[in-house]
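Q: Annotation source TrEMBL lists transmembrane segment at 12-33, 39-65, 96-120, 155-173, 185-205, 225-247, 259-285, 305-328, 349-371, 408-426, 447-466.
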Amino acid sequence: MSQDNVSIHGIWASRWVFILAATGSAVGLGNIWKFPYMAGVYGGGAFVLVYLICIALVGLPIMLAETVLGRRGRRSPVNTLRNLAIQAGASARWSWAAVMGMIAALLILSFYSVVAGWSLDYIIGMGRGDFVGIDGEGAGARFGALTADPLRLSLWHTLFMLVTAFIIARGVVAGLERSLRIMMPLLFVLLIILLGYSLTTGHFMQGVEFLFHFDLASVPDGILAAMGHAFFTLSVGVGSIMVFGSYMPKKSSIGGTVITVALLDTAVALTAGLALFPIVFAAGLEPSAGPGLMFVTLPIAFGNIMLGQVFGLLFFVLVAVAAWSSAISMLEPAVAYWVERTGWTRVRITCLVAFLCWVVGLGTVLSFNLLADARFFVTDEAGWHLFKWTEQGGKTFFESVDYLTSRIMLPLGGLLFAVFAGWVLGRDVFRAELALRHPRLFPVVYCLLRYVAPLGVLVVFVTELFK
Ligand code: PHE
Ligand code: NA
């Protein structure tokens, strides 16, 4: 049964626009902010090793699956899964996998917007010259002052969310291409400049050693963290790639496209890590500093190089742009779904959904200051508590949302997408939609999708349970 579904939300002009949009979705705070601090917290090399393996063996196949499903279904992820399941004679309940993904994407957006707001604050800071000649201590104090101020955080969070909503309300197919084509390469150039600075710190090899000293013995510790981040960084498991896949023109090959996106994403993350850690060591900072790592480290570099103020300003502008191009892909699955479901205008739906994310984001804002002691999932001598006021242990609101999405919802969503594409969709449909340029590779790809990716996720889940 070959049913050619048609998108009602538009189609990209070419495969290149899909690559741009998917790269825009993938490359973001995950690469520049989250990857370095996660690697720092989980001890470096072992984390990076598991992360790279997960990208190749789990993330890539699932990204492929999402793109195939999206282009085949041509609807929001929820309706894509529903329709494809019905067409394949399976249960329409498969759509629940996409519902979970949609919720995960909105939850991620709620804190993503807050962190992206930090870079907006830093744009102003750079422009004002806050960082000229700054050292580690000064940079730490500057960051601490920002996160301690709920009003300032809320302001930037609001601004970021408004712009995200504005872009989504206009529709992603229009206008995305022009901005991303310039901004993305520019971001990479600035990372290279930072890398150049790192080379001059005298601690470059220490940074390399930290990131690439693979020590198998310490692997199990951060294994779920590393896998979760592989999902996060590729934007897979939530339907973001699926929804962009549904706007992909019929006649473009999916395999090469997906590999390009994953390679670009990995290159940006590794470059960011290589640029950052030498500065961390040179300034005598702790690699395990946590979410503030990039915001404490990079200003030191910009504060101490020629034209640092200009480069720094530009850098944080580009970080914000990269964050926007990711944020829109978190909003799009839900907006597309509710437009299909209610027939209301994009503008109206966007306002509603973005407002919801904004409200949840306030929880993250407060978790850095007024509600820092409001902790979830606390284990102490008295046992386990879902919620408790305490200064120690457990997870703040921000940490809880991050944990719930990256370590549970994304891998679970990805697992379900892979199983659906590998076991429910049907081999012929999958093969036809994938249209590999080298058909002899098909069994390899299909095997990765059916066995390796799902088992990989399961093994990591089980390992985590027994660690
Ligand atoms: N991949 C994005 C990043 O690395 C984050 C993201 C996650 C985007 C999930 C969409 C969906 O910053
Ligand atoms: Na990423």
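Each residue's number is its place along the chain shown, starting with 1.
A Cβ is built for glycine as well, from the same backbone N, Cα and C atoms used for every other residue.
Bear in mind that the values here come from a model prediction, so they are computed numbers and not experimental data.
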Q: Any residues 6+ beyond the ends of the transmembrane segment (96-120) with a Cβ under 8 Å from its own?
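A: For the transmembrane segment (96-120), the far contacts come to 28-29, 33, 76-78, 80-81, 146-147, 153, 155-157, 159-161, 164, 232, 237-240, 242, 291, 295, 316, 319-320, 323-324, 326-327, 329-331, 333-334, 337, 353, 356-358, 360-361, 363-365, 398, 401-402, 404-406, 409-410, 412-413, 416-417, 420.
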Q: Any chance the transmembrane segment (225-247) and the transmembrane segment (259-285) have 3 or more Cβ pairs under 8 A, given the pairs are 6 or more apart in sequence?
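A: Yes, the transmembrane segment (225-247) and the transmembrane segment (259-285) are in contact.
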Q: What residues elsewhere in the chain lie close to the transmembrane segment (12-33), defined as a C-beta under 8 angstroms and at least 6 residues from its ends?
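A: Contacts of the transmembrane segment (12-33) (Cβ under 8 Å, skipping residues fewer than 6 from its ends): 67, 112, 115-116, 172-173, 176-177, 180-181, 184, 187, 191, 229, 232-235, 240-241, 244-245, 247-249, 252-253, 257-258, 260-262, 264-265, 268-269, 272, 291, 293-295, 319, 322-323, 325-329.
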Q: Hey, would you say the transmembrane segment (349-371) packs against the transmembrane segment (155-173), going by three or more CB pairs under 8 A that are 6+ residues apart?
A: yes
Q: Hey, would you say the transmembrane segment (39-65) packs against the transmembrane segment (447-466), going by three or more CB pairs under 8 A that are 6+ residues apart?
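A: Checked: the transmembrane segment (39-65) vs the transmembrane segment (447-466), in contact.
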Q: Excluding the flanking five residues on each side, which residues at least 6 beyond the ends of the transmembrane segment (185-205) place their CB within less than 8 Å of a CB in that stretch?
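A: Sequence-remote neighbours of the transmembrane segment (185-205) are 27, 32, 267-268, 271-272, 274-279, 281-282, 298, 301, 304-305, 311, 314-315, 318-319, 321-322.
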